[in-house]
């Protein structure tokens, strides 16, 4: 549920599509606020949000199946614009008196749309009589239209590829405008929200900042607030927003578990204390964490140990402050979107994300989540709005367990220091080559393998370092970065020459899938 209220909202009803979040991203990129809700709770959300327009998502289901998801009748009774995408088009037709059938020629992948009529939906992008690339993914198709609808676009296997009831402002598209494979899709969605729904592009990070600050003040009142600062972008932006809202009522706690990148803890402390005058406590708990991890090779046990110790240390520090009433977390919108479950009946699974585990319950604190309505790219824009430097905002993702999961096998302080130095050199080489912003994530891994080498006149038996770099849009899928071999040669030479304990460097050329980005 929203922590703030937006009068000009688009409601996206999720029927279980894998790309529903992309619809929301495109609407947000048009500077319009939107929310995703599962079809099971769409009635309640429609009443609560009173949206200006509705978008119906795709679905893995068939409208011809008994009990298949439906849109609430209330949206068709409200007299507001509706856009149905793929399954959304089909269920809208079926619910309004048209017909949908299964078993016709399927369309998966690239297709070409022939524009039959001009429409506000196509304004500025497609004209009558032209042909355009779109992305299809459907097995069912509309075979007859409800009263009031006309065909405004066709494809070879979808005669009702785009339909419209211009009077009621109901539109249906059989293709997916939200994916990048429909080149003009983002503009089509902009046409729907701006021209057809009539919402002005007022959703900006400047406006969000003002509303979020006001919402935090209203929630917190005169209470005491603490924030677990990790050094990452999300927690940092959340902390700055909270500080702008409540000032000295906020104290940030940064737990240095000894698993951060080179000089990272000190850099974060300097930035927040000196540049932002933020009350910040740095806790050096590295001995405690590394001692508990010593020799542990199971990646899941590493994660659980780190999570448990973090809660213990944070709890101890919070008690030293006399406790707190509120805990700030950098939870993002994808973490809290309700996901649709078709296999478990009508139940809805809530994806939750807590940066600090069970702390709120254990310490009887209320959560303050000022970023829970934002996607990651919006958080970066908000960080810029708050004055965070580009060098910080654009940093590569870093896992919560830190270097512990980039050190397969047993963790020791010595191995962590070797890895930290190698990682710093690798990232330095990437920056010097001007490649940092072209790569989604890059890091070094210290393998639990030693190999024979020759350095000078002597024989060595030292660790192998693996280098990893991937390109990605969202981290869900990734391809390895295709370096020039000269770059890899230079990086490997520097690491071997400057880091005692490594005598061999390899490069990981695994994509995701089948591999994951991190090694553990």
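Backbone N, Cα and C define each Cβ position, glycine as well.
Swiss-Prot has this to say about the protein:
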DOMAIN    9-202  domain 'Glutamine amidotransferase type-1'
ACT_SITE  86  active site, nucleophile
ACT_SITE  176  active site
ACT_SITE  178  active site
DOMAIN    203-395  domain 'GMPS ATP-PPase'
BINDING   230, 231, 232, 233, 234, 235, 236  ATP binding site
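The structure, with features from Swiss-Prot marked on it.
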| residue | record | DSSP (3 states) |
| --- | --- | --- |
| 86 | active site, nucleophile | coil |
| 176 | active site | coil |
| 230 | ATP binding site | coil |
| 235 | ATP binding site | helix |
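Within 8 Å of the Cβ centroid of the ATP site, not counting the listed residues 230, 231, 232, 233, 234, 235, 236, the chain contributes 229, 237, 238, 330. Every protein chain shown contributes to the tally, and the Cβ of residue 178 (active site) ends up with 27 other Cβ atoms within 10 Å.
Within 10 Å of the C-beta atom of residue 86 (active site, nucleophile) sit 26 other C-beta atoms, taking all shown protein chains into account. Checking the recorded positions (176, 178, 230, 232, 235) against residue 86 (active site, nucleophile) with a 10 Å Cα-Cα cut-off leaves 176. Rounded to a whole value, the Cα-Cα separation of residue 234 (ATP binding site) and residue 178 (active site) is 25 Å.
In this structure, the binding-site residues under consideration are 231, 232, and the one with the smallest number of other Cβ atoms within 10 Å of its Cβ is 232. Comparing CA positions across the binding-site residues 232, 233, 236, the one lying closest to residue 176 (active site) turns out to be 233. Cα separation, residue 230 (ATP binding site) to residue 178 (active site), rounded: 33 Å. Restricting the average to the domain 'GMPS ATP-PPase' (203-395) gives a pLDDT of 83. Local packing around the binding-site residues 230, 235, 236 was summarised as the count of other Cβ atoms within 10 Å of each Cβ; on this measure the leading residue is 236.
Counting in whole angstrom, residue 236 (ATP binding site) lies 30 from residue 178 (active site) by their C-alpha atoms. On the backbone, the CA of residue 232 (ATP binding site) and the CA of residue 178 (active site) stand 29 Å apart.
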